[in-house]
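Below: one structure, written as structure tokens.
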Ligand SMILES: *[C@@H]1O[C@H](CO)[C@@H](O)[C@H](O)[C@H]1NC(C)=O
């Protein structure tokens, strides 16, 4: 028992190394080198240079967006007369959010008072011919008020209790706020990559206030100007201001931060992109496209009665979307990238092995050479060992036994290593023929040579060793 453990502990200190078979085959050799070149190219070119595989990346971006619009326009409508629109009027909500809406067109229904009036004929549930179709107390589905129980013959609709008169205006076919095209949007965007404790603002510190008042963003000429013309932004989405302003629409305003933090901070700059989110290019159907909503402004008249102006506004909805990622050198992703590259080399070995051993005309020879059937040899060896013991080596020490074994294994080494292997054209002979012809002509090993010292494995392939085995039988 102790001896077994001793053997085991000693064997732990052995170093096992692999034996290689060098196949002098140019086709597979070239293929393997090409594969290696490919892997190295992939690793250096794609993984390291292009994908920056040596960097640790951060995709979480913390950001804050503040917007400010400037510009005024006058409108003149028959219902409400001359009206001035400033940013506080046309930007909804007015607090300078990431998402905002600019009024470009509207229908106003002025001076609505609470009272009784006929429902609009546009509402199907409000249509009637007789009073009993207008049940008192029921609200009109998708309508403006509560039915009173009367049908008004002039309009063919129910009388309702509502803000009267109900809305009846037509949407203007031209945007009322035509100058909205020249309104400006000032976008301030603070970002932070928490992992790298890196923060930046899209307004460069070098920009002075005079420039900020005058500049307009332009991809080529003013890429760092944070002020955008509404008309330009819409044009960059591939639509025209007229398309969107009359019926309304939605614009995605992208800010992309791709920062390589191994470079200087000044290299980390935002890129802007613009898309129309309610893509209405193929649907000219006016019922689907567009963006509008209603709001009211309330007043009290001299008598103290409340009245309101109802606005149905059409306009452009902006959504500022901030994205980004940052990378910085780190040892762990570098090691992982290199490791995965090396693992790919292993795949090349596998493929080339498959080609060499199974897909070539000489594959059977390579297979015979590379693979060794062990069972028969082991029995031979055991016999050899027994034989040695019978000759008086009755040592119990495991180490000595191993030395003996090594001694027997080393023997064929000399006979194999002195074989010339410069005869690749020779037709391969099976081992049986090698047994017969014990001469200098019997060495068909031309295309295979060995590097390591483990002669046991060579025994199967070397004719010399096959000749040797019968000696023990
Ligand atoms: C917007 O400004 C440009 C240049 O200042 C001007 O030519 C254009 O007429 C303006 N557009 C509108 C709708 O006022």
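Using the three backbone atoms N, Cα and C, a Cβ is placed for every residue, glycine included.
These numbers come from a predicted model, not from an experiment.
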Range annotated as transmembrane segment in TrEMBL, from 315-337, 338-360, 361-383, 384-406:
338-360
Per TrEMBL, the range holding transmembrane segment, considering 30-50, 51-71:
30-50
Calculate the distance in Å between the alpha carbons (Cα) of residue 268 (disulfide bond) and residue 225 (disulfide bond), and round it to a whole number.
15
Hey, how far is residue 292 (ATP binding site) from residue 215 (disulfide bond), Cα to Cα, in Å?
31
All-chain count of other Cβ atoms within 10 Å of residue 158 (disulfide bond):
28
Where the record names 68, 69, 70, 184, 292, 293, 294, 312 as binding ATP, the maximum Cα to Cα distance in Å:
24
Candidate binding-site residues 68, 70, 294, pick with smallest Cα gap to residue 134 (disulfide bond):
294
Residues of the same chain, at least six outside the transmembrane segment (338-360), with any C-beta under 8 angstroms of its C-beta?
23, 25, 27-28, 31-32, 35-36, 39-40, 42-43, 47, 366-367, 370
Residue 225 (disulfide bond), number of other Cβ atoms within 10 Å:
19
Just checking: which of the recorded positions 70, 151, 312 have a C-beta under 6 Å from ligand 1?
none
